Every structure is written in structure tokens, then in C-alpha cells.
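Enquirer: Before I ask anything, here is the structure I am working with.
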């Protein structure tokens with residue numbers, strides 16, 4: 001059969017990986033897709049790099065706008081990253097009636113509503129498996145594999161850099177700054193790590209999954225985001241002693257009051273499978289009302305894992321590109337006219353459990369004062385641990401795990417406790433999820 | 001839009017679950033599928049049960065043949081189980097131009113080649129997500145999510161009964177027979193447990209995954225199958241001391257000489273995520289050349305988890321049922337004219353690592369004799385452990401882990417070692433996989 005022609009925008013890490021996997025596995029991919037999928041033109045600023053990677057076997061240009069307008073191109077693969085240029089190119093491609101495959105999570109989290117609306121209007125597909133959790137087919141699982149379910153919540157380790165750092169902090173007992181440097185040396189963290197360690201990258205991916213899970217519009221700008229740079233190695237150790245691991249989780253949950261959409265360090269029971277996801281790996285846990293909890297695990301980044309997702313999209317689009325749009329899977333899992341506008345719950349209204357660490361004077365009555373304040377705010381304690389003060393030490397650490405409560409309650413209680421004269425400095429407060 | 005009409009064959013555990021999830025989540029499913037999916041007729045031997053479950057809201061019959069011929073039915077859902085009647089009904093349904101959704105692994109493992117050929121000829125879909133690993137969308141992941149990859153191997157915990165038994169044996173140090181009784185009492189094992197504990201059920205599922213992974217025809221009759229009933233709690237303990245867990249794995253692997261297709265108890269490193277899958281849960285680890293290893297985890301059985309998979313298929317078929325067949329995903333991932341006939345490797349030719357346990361006289365020279373025989377057969381040792389003999393005990397256990405070797409070599413060596421006068425009884429030989 002006639003090959004399908006791909007216009008590749010960007011032949012950097014993921015673009016290069018996509019090109020080389022398409023070539024290496026051409027026979028196998030053709031046997032699945034029913035026709036060859038070939039890159040017929042590449043746009044990149046670095047034309048020399050294009051020539052090196054492709055051996056001059058396909059057309060090269062530094063004008064991406066020419067590619068999205070090229071009448072010989074059936075599908076545009078956008079792998080240049082960034083937001084503004086990518087947005088303009090994707091919208092232009094859609095306008096030219098091209099299907100689009102992208103791995104650009106920032107683009108979709110920020111401009112997804114606009115892009116999907118344009119694609120819908122034009123009757124083209126925008127596929128984005130590579131935008132979340134690299135090679136793990138989590139978008140497909142959510143959009144197609146779990147269609148029977150009312151999705152209750154998703155909790156994911158969806159940023160490899162931060163999971164690598166947290167794994168190393170726990171494993172070696174080292175502070176954040178030291179491990180970050182090591183991660184940068186090993187190439188697991190960027191020179192400017194803010195995007196990863198501050199949780200923004202995870203929030204992009206979470207926003208996409210949340211929209212698909214609940215048929216909601218993309219709500220990245222309302223996500224609560226807290227990174228790991230303030231995390232103290234001591235809390236990782238205390239959590240461990242209590243049977244918990246700390247992971248940077250992206251959590252989205254449907255509640256009666258609205259949708260939770262939050263990224264933050266989270267204590268989870270050490271015996272949960274997802275708590276044992278170590279290093280730069282990703283994993284997404286999805287709770288559906290019929291299926292229960294399912295977990296999807298693999299490499300969340302890198303040239304070939306991401307290429308795996310991009311090419312899976314290419315095969316899907318190849319199969320469906322001449323099919324009537326009604327036969328296609330909707331972009332965000334729900335039919336466009338069946339999307340809803342669920343409110344995102346403010347963080348103060350989120351209900352979860354908490355880990356608290358207090359530095360207190362080691363004298364009688366302190367604990368009574370603290371627990372009285374918690375009780376007054378309706379917060380009950382599940383577990384408590386007090387570190388034995390060292391020789392001559394006059395202060396000690398108290399660690400508490402609470403039952404579920406609303407975040408505004410715990411914040412009120414923390415205010416009251418910090419005002420006690422026996423309590424020193426700020427209270428460390430981390431969120432805890434049982435993930436059951 | 002006009003509802004799609006389902007003819008449900010069998011309203012037992014999974015059939016009942018499917019009916020009730022379709023009803024409970026009707027709104028959500030319709031929002032995804034684009035049109036309502038309704039059960040319009042149910043065939044079951046127990047008409048009273050049909051009436052109880054459906055409240056008389058749909059037609060009921062005890063004549064399944066009438067349902068597959070019913071002109072008002074668009075899709076047949078076969079959930080009666082068993083092989084002969086199911087085969088006849090599915091073929092008849094295909095003949096009537098109906099699409100079929102089934103969760104019947106035995107049927108597909110044994111008659112899949114015939115059924116898919118008939119469906120192909122008639123231009124109808126046969127979907128079977130529920131046949132493997134319950135609610136985990138592993139068929140979709142393999143068929144669609146990983147299309148970019150040359151799949152190298154799959155290793156799965158795909159039988160919940162045996163995983164529950166192995167978890168309990170390890171956890172409580174109890175022998176197989178005791179734990180089996182407990183599993184039967186709890187409903188995790190059937191009164192006649194042979195089908196599960198002998199590995200046949202796992203082999204059915206493995207055969208289906210193998211066909212999809214490699215574009216090979218269904219080869220269940222050539223699978224090597226070994227169950228867990230002979231497994232000694234002592235070996236679980238020794239394995240643990242060496243850093244391994246024993247799981248009943250279904251393994252299929254592409255090699256230069258043919259495809260491995262085998263189910264047997266397997267030592268795997270305790271730190272692998274899949275080694276920590278406990279109780280009745282299922283997990284499938286898939287190694288692709290581009291994506292690396294990905295893992296899929298969830299409930300592998302039960303009414304609603306399996307219903308989740310059945311309904312996901314129903315939504316897929318609903319979307320595609322009027323689409324041109326060329327737009328559809330091929331039944332076994334590869335286009336029908338691109339399937340191959342790869343030979344299944346005889347077990348004697350399989351290359352893997354081994355765990356050996358020998359009962360030997362506690363005297364000098366024994367170990368030298370044993371290792372000499374292994375060396376002569378080209379087998380090298382990775383690790384060895386000797387139990388300290390008890391007071392007055394004249395024999396002891398030696399445990400060895402070997403490097404990779406061909407099974408015929410290890411069997412030859414075992415023959416030689418068992419012939420040594422210092423070696424008592426049969427040598428316990430288990431296979432070991434690093435899963436990297």
C-alpha cells in the first residue's frame with residue numbers, strides 16, 4: 001500500500017529517536033499498520049544534524065511552516081518543544097487539514113482546549129501519547145482501556161528527575177542539594193532543574209490525564225503545585241520508620257465538590273507497588289469503580305521510550321486517517337459535546353491525611369497542648385513518634401500522622417500549634433495518601 | 001444516537017458484572033462511546049436469574065443460538081465459558097455477521113486461529129481484552145500501545161489463584177497443600193484447582209499474548225506447562241535468602257531459534273517490581289526494543305474487573321462497527337497477511353538460568369565432584385549456599401544458582417550429579433529469570 005508521509009518538526013533527542021525507531025522497525029511497524037510510515041521531510045534549525053541522522057534520505061528544511069503546509073505530508077509530528085512556536089505550528093497544521101502527533105505536554109496543558117477545538121472543527125486527529133509518562137501507553141489505557149469505568153482518581157509518579165532524586169535521598173540519606181548535583185552530573189536533571197523539581201512538568205502531565213479521566217476541560221492554570229526542593233532528608237527517614245515512602249505524586253480525584261488537581265511530595269505506604277518505583281522510572285496508578293486499581297509502569301522519558309509512544313500514535317492515525325471522524329476515539333476520551341466543566345477544588349478544600357513534624361521543648365504538657373489544638377480542629381491522630389532527645393538536648397522532634405481532614409483545618413491547627421511557646425520554628429507538614 | 005444492541009450469552013459472574021456495570025455507568029459510557037450500549041437480550045440456562053438481575057428490562061431466552069441469529073443484535077458478548085458450545089456459538093455469530101466480544105481464554109487459545117480466520121473472512125471484529133489479565137488493558141497495550149516496538153519478551157503473573165498461594169506460602173512459611181485449602185475456603189481457588197495450579201489457565205493467556213506480540217499463530221498446544229503443586233516451601237525460603245522470589249510466570253520470548261512459550265515457577269530478583277506483586281493480583285511485564293520494560297498491574301479476575309475489559313471492547317467495537325475493516329486494529333496486532341509461522345522452541349533448547357537444590361552427604365569432596373560435572377557440561381555457578389548441618393545430621397542442602405545455559409545441558413548435568421553416591425534423591429531444579 002501507499003506509504004503514509006510524515007513531516008517531522010524537530011530532530012533533537014525525541015525526534016532523532018522517532019526517526020531511528022521508525023527506520024529500524026520499519027518492517028514490523030508496516031506489518032502492524034498495514035502500510036509503511038515514512039518520514040518524508042524534516043524541519044530543524046540544524047540542517048547538518050538532519051543530514052547526519054537521515055543520511056540525506058529525506059528532504060530537509062529549516063522552515064517548519066513550509067512542512068505544515070506541504071501537500072505531500074499526511075501527518076505532522078511536532079517534537080520541537082516549547083510553547084509559542086509549537087502552538088502556532090500545530091494550529092497551522094490543523095488549519096491545513098493535517099493530523100498531528102505531539103509529545104509536547106506543556107503545549108497541551110496550556111493550549112490543549114484551543115488545539116482540540118480547532119482539530120475537532122477541522123476533523124483531524126491530534127494524538128499525544130508521548131506527552132505523558134514517555135513510553136507507557138497511559139493515554140490509551142485511560143481513553144480506551146478503562147472506558148467502562150467511572151474513574152475515581154489517578155496518582156502518578158510522572159517526573160523521572162524528581163523520582164530519581166527522592167530515591168537517592170532515601171537510599172543514601174543525602175540532602176536534596178547534594179543529590180541534585182549528582183543528578184545533574186549523570187544527566188538525570190537539567191542545568192536549570194526548576195521545571196522538574198518544582199513540579200511544573202508533573203503538573204502539565206497531570207492536567208492532561210485529569211481532563212481525559214473526567215471529561216473535563218484542561219485546567220493546568222488551576223493546579224496546585226509544590227516541588228521537592230524544600231524536602232528535608234529527615235522527613236524521608238521518619239516516614240520510612242513509620243512505614244511510608246515519600247514520592248512526588250501528581251494526584252487528580254473526583255469529589256462531590258470538584259476535581260482535585262495537585263502535585264506535591266506525598267507519603268504513601270511502603271508496601272504499595274507504586275512506592276517501590278525507584279530511580280528515573282514513571283508509574284501511574286488509576287482507580288476505576290469497576291476495575292479497581294490498575295498500575296502502568298515504565299520509562300517516562302528518553303529518546304526511544306518517547307519515540308515508542310509517538311510511533312504508536314502514528315500507527316493509530318495511519319489506520320484512521322481516512323476513516324469517518326465518528327469512528328475515532330475522541331481526543332479527550334469523551335465526545336466533544338459530552339465534555340463538562342467541573343470546578344477544580346481549591347487546595348484549602350482538599351481532604352487528605354497529614355504528616356506533621358514539630359520541634360518542641362522536651363518538657364511535660366507540650367504534647368497535651370498540641371493534641372488539644374488538633375482535637376479542637378476536629379483532627380485525630382493515627383500514629384505518633386517522638387524522637388528520644390540526645391544527651392543534654394532540650395528539644396526534640398514529634399512526628400504525627402493524622403486521619404483525613406480538610407486542608408484548611410490542618411492549616412488552622414498548625415497556626416495554633418506554632419503559637420505555643422514550647423513549639424520551635426515552623427511545623428513541617430506533608431500530605432499522606434493511602435492509595436486504596 | 002441509536003443505541004447499539006448487545007446480545008449477552010451467559011449472565012453468571014462476569015456476565016452479571018458486565019450487565020450491572022453497563023447499567024451503573026451508562027451515562028459515562030455513552031459520553032465516551034458516542035451512543036448508548038444496551039443489553040437487549042440475554043441467553044442463560046437460568047431464566048429466573050436473568051429476570052432477577054435485569055428486572056425484566058430486557059428479553060431473556062435459554063436459547064443462545066436464537067440470540068446469535070437475532071437480527072436486532074449488533075454485538076454478541078460470549079461469557080458462557082467452556083470450549084465446545086462457546087466455539088459453536090461464536091462461529092455461528094460470526095457467520096451471521098455479528099461482532100463478538102469474549103473473555104474466553106481457553107476458547108481463543110485452542111480455537112483462536114479458526115475463529116479469527118472466520119471473522120476476517122466475514123469482516124467482523126472479535127475482541128477479547130477480558131481474556132487476559134482481567135481488567136488490565138494488556139491486549140490493548142500490546143496491540144496498539146507498543147506498535148513501534150519489536151517485542152523481545154513478555155513475562156506475566158497471569159493467574160491470581162497461584163499468585164495468592166505463592167504469596168501465602170512465602171508469607172506464612174506454609175506448605176502448598178495447606179495454603180491451597182485456605183485459598184479454597186476463601187474462594188481464591190476452585191474446588192477442582194487443577195486448571196489454575198497446574199498452569200493451564202496461565203498458558204491459555206500466555207498463548208494469546210505471544211501471538212499478538214510476535215504476529216504468530218496461536219500455539220497453545222506447543223506450550224510448556226509446569227504448575228506449582230510440587231513446589232516446596234523450603235525452596236521459597238532458600239530463594240528469599242538469595243534475594244529472589246518465586247512466582248508462577250508465563251514467559252514468551254523471541255529467539256533466533258524460535259519462540260519460547262512456557263509457564264513454570266520462576267525465581268526472579270526480589271527487587272524487581274513484578275516480584276512484589278502479591279496476593280491474587282496480576283501483572284504483565286513487556287520488553288520492547290524501543291520502550292524498554294513496561295509493566296501493567298491490576299486485578300486479573302472477578303466480575304467487575306473482567307466486565308471493565310469486556311465493556312472497553314464493546315466501546316471499541318461500537319465506535320468501529322460501521323467503519324471499513326481496513327481502519328480496524330487487526331485481531332492479532334499484525335495484518336492478517338503479515339502473520340508468520342514461527343516455530344515454538346522445545347523446552348530442551350530454552351536458555352535460562354537455574355536454581356538447584358541438592359541433598360548431599362556432609363563430607364569433603366562432594367562439592368568438587370558436583371562442580372566438576374557442571375563444568376564439564378559448560379555450566380558456571382553464580383552463587384552457592386550451603387546449609388549448616390544440624391547437630392548429628394549427616395546430610396545437608398546445597399543450593400546453587402547457575403549462569404545461563406541450555407536446558408538440555410542442565411538436565412544432562414543433573415543426571416550426572418544424581419548418579420553420585422554422595423547425592424541423595426532427586427535434585428530440585430527451578431528456572432531463574434533476571435527480567436532485565
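In case you wondered, yes, glycine gets a Cβ from its N, Cα and C as well.
The NADPH binding site annotation in TrEMBL covers B:105. Per TrEMBL, L-homoserine binding site is recorded for B:190. Under the heading active site, proton donor, TrEMBL lists B:205. Per TrEMBL, the feature domain 'ACT' maps to B:355-431.
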Enquirer: Express the distance between the Cα positions of the residue listed as 'NADPH binding site' and residue B:205 (active site, proton donor) as a whole number of Å.
Expert: 6
Enquirer: Count the residues of the domain 'ACT' (B:355-431) that DSSP assigns to helix (H, G, I), to strand (E, B) and to coil, and report the three numbers in that order.
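Expert: DSSP composition of the domain 'ACT' (B:355-431): 23 helix, 32 strand, 22 coil.
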Enquirer: Among all protein chains shown, how many Cβ atoms are found within 10 Å of the Cβ of residue B:205 (active site, proton donor), not counting that one?
Expert: 27
Enquirer: Give me the CA-CA distance between residue B:205 (active site, proton donor) and the residue listed as 'L-homoserine binding site', in Å, as a whole number.
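Expert: Here the two Cα atoms lie 18 Å apart.
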Enquirer: Around the Cβ of residue B:190 (L-homoserine binding site), how many other Cβ atoms lie within 10 Å? Please give the count over every shown protein chain.
Expert: 13
